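**Q** Dropping the structure in here first, questions after.
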Amino acid sequence: MAAVVTYLVIFTVISSALAYDPDMLQDLCVANTSAGIKVNGFTCKAETNITEADFFFDGLAKPGKVNNSVGSLVTGGNVEKIPGLNTLGVSLSRIDYAPDGLNPPHTHPRATEMIFVLEGELDVGFITTANKLISKTVKKGEVFVFPRGLVHFQKNNGDKAASVISAFNSQLPGTQSIAMTLFTSTPAVPDNVLTKAFQVGTKEIDKIKTKLAPKKS
């Protein structure tokens, strides 16, 4: 029994250590996004080719133009935009919301998220695995945390635009929108799975798919 307990403790420690972005083993590992080599992260650019531009990004400075049906826009400041973030385990995003805008229910499989409200007022929340909704109204200057992997959302119920800065403990947290994942995947989730899960008919499923389908240019 003692051996089993020891094994479980060791397994828990190792699992926790591997649960987030791996620790860096050198001062810098600027992402070489053009290398064409897939690893858990990105390979390192040669140090002689590193410049200050690898650590700079001004894309979060101004509000993004919200022009979609849900009324929100996410601008990422992750390793794909800032190569110097590779192996550092952090990133930011800016989210802008039109009046009545929604950042639809979604998850980040690789990171916990913390938002800081720049402007406006938002109703935010997440759902635990016990199916409990934890929600609150947050205002300018306030912070709210969404635990890693849990479904969460933000809704601007005001008549003015709102915006937040989101911080993540991953260089590339990933995002899975619940609706988009279920109704616009390729190949498609079978209709008989969706009709059974949502207890609706095929016509309702087709209607949702049509509304969520990417607009043709």
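For all residues, glycine too, the Cβ spot is worked out from N, Cα and C.
On a predicted model such as this, the values are computed, not experimentally measured, just so you know.
Feature table excerpt (TrEMBL):
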type     : residues                       : note
BINDING  : ASN103, HIS108, GLU113         : oxalate binding site
BINDING  : HIS106, HIS108, GLU113, HIS152 : Mn(2+) binding site
DISULFID : CYS29-CYS44                    : disulfide bond
DOMAIN   : 58-206                         : domain 'Cupin type-1'
SIGNAL   : 1-19                           : signal peptide
**Q** If you measure from the Cα of CYS44 (disulfide bond), which of the binding-site residues ASN103, HIS106, HIS152 is the nearest?
**A** HIS106
**Q** Could you work out which of the disulfide-bonded residues (CYS29, CYS44) has its C-beta surrounded by the smallest number of other C-beta atoms within 10 A?
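**A** Among the disulfide-bonded residues CYS29, CYS44, the sparsest Cβ neighbourhood within 10 Å belongs to CYS44.
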**Q** In Å, rounded, how far does the Cα of HIS152 (Mn(2+) binding site) sit from the Cα of CYS29 (disulfide bond)?
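**A** About 32 Å separate the Cα atoms of these two residues.
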**Q** Work out how many Å separate ASN103 (oxalate binding site) and CYS29 (disulfide bond) at their Cα atoms, rounded off.
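**A** Cα-Cα, rounded: 33 Å.
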**Q** Give the distance between the Cα atoms of HIS106 (Mn(2+) binding site) and CYS29 (disulfide bond), rounded to the nearest whole Å.
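**A** Checking the Cα atoms of HIS106 (Mn(2+) binding site) and CYS29 (disulfide bond) gives a distance of 30 Å.
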**Q** Counting across all protein chains shown, how many other Cβ atoms sit within 10 Å of the Cβ of GLU113 (oxalate binding site)?
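**A** That number is 23.
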**Q** Quick check: with ASN103, HIS108, GLU113 left out, which same-chain residues have Cβ atoms within 8 Å of the centroid of the oxalate site Cβ atoms?
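**A** The surrounding set, listed in chain order, is SER93, HIS106, THR107, ILE115, PHE146, HIS152, SER166, PHE168, PRO173, THR175.
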**Q** Do you know offhand how many angstrom separate HIS108 (oxalate binding site) and CYS29 (disulfide bond) by C-alpha?
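**A** Checking the Cα atoms of HIS108 (oxalate binding site) and CYS29 (disulfide bond) gives a distance of 24 Å.
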